[in-house]
Ligand code: RRO
């Protein structure tokens, strides 16, 4: 049987699968369900310092080929997720947990990074620079100067393993510019991609939008996202220094989808829309299907897949 184990820096995982932040990670009940699943590990919901109710409902809709959401960062506050993670690392010492933070301002992000740094937390911290859904708050990672200033300030004191969650980019010049910035910092990974920001859907029965917040604009996930995710993972794999690994996220609902993101250069793979639709049992199926993909190719370990995409020249 192929060995599906993988790693990010010194962190080891039994398999490359986990939830995408925002799905199955709001509270202890959902996090415990993720922990009990066949996923290699899990992340908490992107946190702000204080808890938030998020945007008015309906704020998630199932679409023909995926989903649209404008949750608006509903979360129970960083202290809640830190407590959960501290407990989790004692009860699951071989499953490194991810903690996601998404401050509403530069100062919020700095304050949260201090709280995590000054704590016993020994997992991975993910700085979400790409929440598309808070009214009046543009995505940090589409502002290169703001991104560099934030990372400068965080890495002036932050001494624990950190990665960043990025939005999709669509021009090769943007990959060049963003990778050049990220390569300046001791990041251990980038997570690419967050949902395709500010899409819109029309319900043909009612001639209305599908979700209530922001006049119907929301982040798009699922099948719509897969080719964009593959391109973003591949483009960053070609540009980032080798110390910065990649988590691939976007459009995964089969073992082949996982395999494709690995080929493009991902070391771990997150599942969002399909996890929302199917629940944490999906990880049992995805592991089995990934196992079959490797077996079909006569491969015995993920290192034989990661970054091995071929071109036609
Ligand atoms: O909570 C959300 O609305 C949300 C976040 Br923070 C994010 O990063 N990505 C997304 O699709 N939704």
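Even glycines carry a Cβ here, placed using N, Cα and C.
TrEMBL does not curate its annotations; it predicts them automatically.
Summary of the site annotation: TrEMBL records substrate binding at 69, 70, 71, 72, 73, 128, 194, 195. Screening the candidates 45, 226 against this entry identifies 45 as the one listed for that site. Going through 219, 222, 298 against TrEMBL, the one listed in the FMN site together with 21, 45, 46, 128, 165, 193, 250, 251, 272, 273 turns out to be 222. Checking the binding-site residues 72, 195, 222, 273 against ligand 1, the ones with a C-beta less than 6 Å from an atom of that molecule are 72, 195.
Sorted by the number of other CB atoms within 10 A, the binding-site residues 45, 165 start with 45, the lowest. Other than 45, 69, 70, 71, 72, 73, 128, 194, 195, the residues of this chain whose Cβ falls within 8 Å of the Cβ centroid of the substrate site are, in sequence order, 22, 46, 131, 132, 133, 219. When the alpha carbons of residue 45 (substrate binding site) and residue 251 (FMN binding site) are compared, the span between them is 19 angstrom. Candidate recorded positions: 70, 72, 128, 131, 195. Nearest to residue 165 (FMN binding site) by Cα distance: 128.
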